[in-house]
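One structure below.
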Amino acid sequence: MAIHEYQGQGLLNEAGIPVPRGQVAETPEAARGAAVSLGGGPCVVKAQVLAGGRGKGVFDSGLKGGVHLVPNAEEVQKISSQMLGNRLRTKQTSQQGLQVDKVYVAEKIAYDRELYLSIAVDRDNRCPVIIASGHGGMNIEAAAATDANSVVRLPVPNYSQPLSEETSDKVAASLGLDKTHQQKQALRGLLTKLYDLYRSSDATLVEINPLVLTPDGQLLCLDSKFKFDSAARFRQQEIFAFGDGPSSPSSSKDALEAEAERPGFAYVRLEGNIGNIVNGAGLAMATNDAVNYLGGSCANFLDAGGRATKETMADAFRIVLSDERVKVVFVNIYGGIIHGDMVAQAIIEGVQEVGPLRVPLVVRLQGTSAAAGQKMLAECGLKIHSVNDFTEAVELAVRLAGESGPSSASGARSKRSG
Ligand code: GDP
Ligand code: MN
């Protein structure tokens, strides 16, 4: 799970890690107020979206840059009014960009150097890794591409131990902060706290870019990005409450992705027109692969998990069908512990609850008691295309999706049954 920059800066501040003073705002007037309370001087106004590369982003209005340096509170209000309510596209967003509902107003910092510092998971070595570069800022990717040596990776093998001074001093050297005792000490203090925060918050990524060195020798985190292990939700309730779930009014996540969190689905929006409802992440991936292999494209990845109740199916139908792009719904369920007849029952009741589906429904049901379930689907009178073979089912879904243009969706439904 990712959080917004202003939330990340709050976590850093609470952990005693130096960040510029700042306030989040949802209206241009509030942004102006924030600037005034920060002293009314030069400020940075930053669009809050869950994507990086904002500095070089472009708004749908044509405005360039999701991060602006402005001289006073009046200009803060002005630029905020051009950001709020608009969509910001960056290298890390889709073509459509992300809607900006909040801006973060921070005091502008003067600095001598921009550095890059992050802690991530080193999958090969199964431990955290500290990544550091003396060439931080917006061009870090370019710097890394032209000179791989400018980015240093330092695996930290003992996850259960606090960071050693030795490791910290190595990082200091790779950041070029080893010239004076003061610099080394500043980095040691910051990195020790950052590493503690990374561990205690179950983070999988904390990225500070830029970390800046001010003329008076201080280190400050000007921008931060956090990701947390979703499996740690139960013990990181404060952090997960930040999340962009349905409970958060400002969701820059895809609306359907947020909606799908409520019933506990794993849902990812994709670019196609076949709406999938599948149980198990492995089968969901196989389904997406098969659809692509056979010439179709999926509107989503949806792992409905192990439950097969009427409520689950009705929720899944609602979510998938509320996506206007969906031209056919493909349910692919393998009954392991859940029996096929229960799954069929849930599908039938789910369809009945949601009402006549606006697009054809293809169901492939296999596994425990599959035959009983298939029989129920065939006999329920709901025009469900029940196809037992995986490939044939996918072929049919792909064909129906291709046939049903925007207006002929219901016509395609009756063409083939069973
Ligand atoms: P990102 O592009 O999404 O990573 O957004 P950042 O928050 O990193 O801001 C982009 C760039 O704006 C930074 O790399 C800095 O060069 C610049 N910037 C951000 N805050 C300040 C500040 O307080 N003072 C100055 N001088 N530049 C800043
Ligand atoms: Mn940044």
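Heads up, the Cβ atoms here are built off N, Cα and C, so glycines get one too.
In three-state terms derived from DSSP, LYS46 (ATP binding site) belongs to an extended strand segment. As annotated by TrEMBL, ATP binding site applies to LYS46, GLY53, ARG54, GLY55, GLU114.
The Cβ neighbour count for ASP223 (Mg(2+) binding site), using a 10 Å radius and every protein chain shown, is 26. The annotation Mg(2+) binding site is assigned in TrEMBL to ASN209, ASP223.
The annotation substrate binding site is assigned in TrEMBL to ASN279. Within the same chain, residues at least six positions away from ASN279 (substrate binding site) with a Cβ under 8 Å of its Cβ are ASP303, ALA304, GLY305, GLY306, ALA308, ASN332, ILE333, TYR334, ILE338. DSSP assigns ASN279 (substrate binding site) to coil, not to a helix or a strand.
The annotation domain 'ATP-grasp' is assigned in TrEMBL to 9-239.
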- Query: Which binding-site residues of GLY53, ARG54, GLU114, ASN209, ASP223, ASN279 contact ligand 2 in the sense of C-beta under 6 Å?
  - Reply: ASN209, ASP223
- Task: Can you grab the distance from GLY55 (ATP binding site) over to ASP223 (Mg(2+) binding site)? Cα atoms, rounded to a whole Å.
- Result: 11
- Among ARG54, GLY55, ASP223, ASN279, which binding-site residues lie by ligand 1, judged by Cβ under 6 Å to any atom? ARG54, GLY55, ASP223
- Message: Can you tell me how many other Cβ atoms are located within 10 Å of the Cβ belonging to ASN209 (Mg(2+) binding site)?
- Response: 20
